[in-house]
Amino acid sequence: MGQNPNTGTPLVELRDISISFGGIKAVDHVSVDLYPGEVVGLLGHNGAGKSTLIKCLSGAYRADSGDIFINGEKAEITNPRDARRYNIETIYQTLALADNLDAASNLFLGRELVTSTGFVDDARMEAETRKIMGRLNPNFKKFNVPVSALSGGQRQSVAIARAVYFNARILIMDEPTAALGPHETQMVAELIQELKKQGLGIFLIEHDIHAVMDLCDRAVVMKNGERVGCVNVGEVTDDDILGMIIMGKKPPQAY
Amino acid sequence: MTQTTTTPKPTSSAIPANPLVRFLRATEIDTRLLGMVGALILIWIGFHLYGELVNGNGAFLTPRNLWNLSVQTASIGIMACGMVLVIVTRHIDLSVGSVLGFCAMIMGVLQVWVLPDYLGLGNPLIWIITAICGMALGSLIGAFHGWLIAYRKIPAFIVTLGGLLVWRGAAFLVARGETISPVDSTFALMGGGPYGSVGAVGSWIVGLLACAGIVWMILSGRRQRIRFDFPLRPVWAEWFLGIVGCGLVIGSVLLVNAYPWPKGIVAQYAQAQGIEVPEAGLFISHGFAYPVLILVIVGIAMTVLMTRTRFGRYVLAIGGNPDAAELAGIDTRWMTVKIFALMGFLTGLSAVVASARLNSATNSLGTLDELYVIAAAVIGGTSLSGGVGTIYGAIIGALVMQSLKTGMVLIGFDAAMQDIVVGVVLVLAVYADILYRSRTK
Ligand SMILES: Nc1ncnc2c1ncn2[C@@H]1O[C@H](COP(=O)(O)OP(=O)(O)O)[C@@H](O)[C@H]1O
Ligand SMILES: [Mg+2]
């Protein structure tokens, strides 16, 4: 039997979370935790309930039952504003961008920089956006067009920049590399490692098993809304994890 | 200025060979704006020529007609500014005409039947209390609609369709269908007319202030771009924009000052002031009418709101992707309440202008206005699928609608024909917009 290698108070603890949509149990009594400086992979087939689970943490949904603890204290997260107050940032699978606005407006949406007179400071926001995009995706040049005019990869880098810019402590990444090419995917992998070194806790939803083996410390597998088990990635092979995802078979190292 | 600042930094796309495209890019003029202004000029010249050729009297492009056009546009234009926000956030408001009628009736009762009893007839407080009550009432009704839409999840179409019936009925019940007139004499000035205008000197002051504003905007925009090292417009393009902007302002000052008071009013005024009217008559200019200045102020304030404030940014974001806006922490439901309250406020203001212009309050005031307001916003480029729309577009849209109406009256089209033309133009304008969008995508 394996066990959680972390000790002390977890950064995030989702305890016994359930949520259903019109009879479908999307998430069924699932518990996961996350420690600072750790990357926890959330794995499972399409429809397993991964996105729904993390949306309970990001404030997009309210769980029907179950509790959320941040730093050991019970947290009431009823909307995305609450989540932001806990320094939780999310890259949604759908990216959640307003297509009619440009990159800077999306990056600062809901947290606009304002001038001393209270007006939005578009110039400063664009300058800040240029700065962070220069770090994340130096090829990005389309600052003055609506994001609907961007490629899938460029849109994804805007969503990533938004999550990274505001000094998150807890980062949720729901398939962050889905639209990216190999080079950009590599940059995201490096970014994850850098953020991890800075002590962030990261939930990573990812289908590529090799990326999971490379980046994650632990992996939690879900199937049909239920938690199959959790493994320390260093103690198992990729076949063990695939077995959990496909057949729901728990290897002996799982807990 | 030095040569270096005149060359824009190379943008991602190559410099186009076509001089028109190059010109548009340098001046950053919106091609849609250009199209709308072009259509407006065509309509004006078309009506004028038609009158000239067919009736032997081109009455359209005269100071008198254009001045009247500006006044008639005010009421619809004020509401169209609010309708932009409503439509941008993927809602609709069918109730504005009825709410206008109801607010006008309440204000009529207040200023004619109620307030004079307490304050005395002609008390200078009457008009201001009345106007504030009218706008507050409009805001409350709008907020109530918004609450039903946002928190009770009833579609805006249904809430405001219900509102269209309810408030029109309520407008009748206020005075059992009686017309209340005349309104307070100061209140009536907000509807325009010879006394409800700022005159020649006032118009020059307004015009010079506007020119100063244009120059200030160009200079501060340029300074801002230099501060952040963004690409600059070429200097000649800045000059071009400044000259065209100030030229338009000065042109409209000359125009409104070229329209004199009618002889009867001049005689009345001269008598009241004890002035001798010379043999050749006395030329007293109208100048800008108050309702037009109200529209301009509303237009500027709403443009600032839409482009320079968080509120405006959230309106656009909700229109572009309501889920993303919610996930970004925007309280989209509360925003909906505020947007409809603002629409109601502007409807109340519009009721002030409309009943002042009529010098009375009737329960049918504003009938069918909702259609003209929606049409103005849509012709002005507000997209019914949400996320796109500008205030200046809606005001130009209102001007287009009003130009069509006035023009057809001048050339003697009957009401049935007017409806047909307005309907066809609306559909064609939206079709042109769809074509434009799919081409520029
Ligand atoms: N808003 C919703 N309304 C109805 N059903 C939903 C909603 N969100 C998710 N579901 C359902 O919940 C289940 C889990 O979905 P999801 O969390 O998106 O899975 P995953 O991210 O693991 O692919 C699916 O059956 C999906 O259809
Ligand atoms: Mg998912």
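Just so it is clear, glycine is given a Cβ too, placed from its N, Cα and C backbone atoms.
Residues annotated as transmembrane segment in TrEMBL: B:33-51, B:71-89, B:96-114, B:126-149, B:156-175, B:195-219, B:239-259, B:288-306, B:339-359, B:371-401, B:408-432.
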Please identify the stretch among B:96-114, B:156-175, B:195-219, B:339-359, B:371-401 with the greatest number of Cβ pairs below 8 Å relative to the transmembrane segment (B:408-432).
B:371-401
Which of B:33-51, B:71-89, B:96-114, B:288-306, B:371-401 shares the most C-beta pairs under 8 angstroms with the transmembrane segment (B:339-359)?
B:71-89
Contact between the transmembrane segment (B:126-149) and the transmembrane segment (B:156-175) is defined here as three or more C-beta pairs under 8 Å separated by at least 6 residues; is that satisfied?
yes
So what's near the transmembrane segment (B:239-259) in sequence-distant terms, Cβ-Cβ under 8 Å and 6+ beyond its ends?
27, 29, 63-64, 66-67, 70, 197, 200, 203-204, 206-207, 210-211, 214-215, 218, 233, 285-289
With CB pairs under 8 Å as the measure, which of the listed stretches B:33-51, B:71-89, B:126-149, B:288-306, B:371-401 comes out on top against the transmembrane segment (B:195-219)?
B:288-306
With the transmembrane segment (B:71-89) as the reference, which stretch in B:33-51, B:288-306, B:371-401 has the largest tally of C-beta pairs below 8 Å?
B:371-401
Below 8 angstroms Cβ to Cβ, which residues of this chain, lying six or more residues outside the transmembrane segment (B:33-51), approach it?
24, 57-61, 379-381, 392-393, 396-397, 399-400, 403-404, 407-408, 410-411, 432, 436
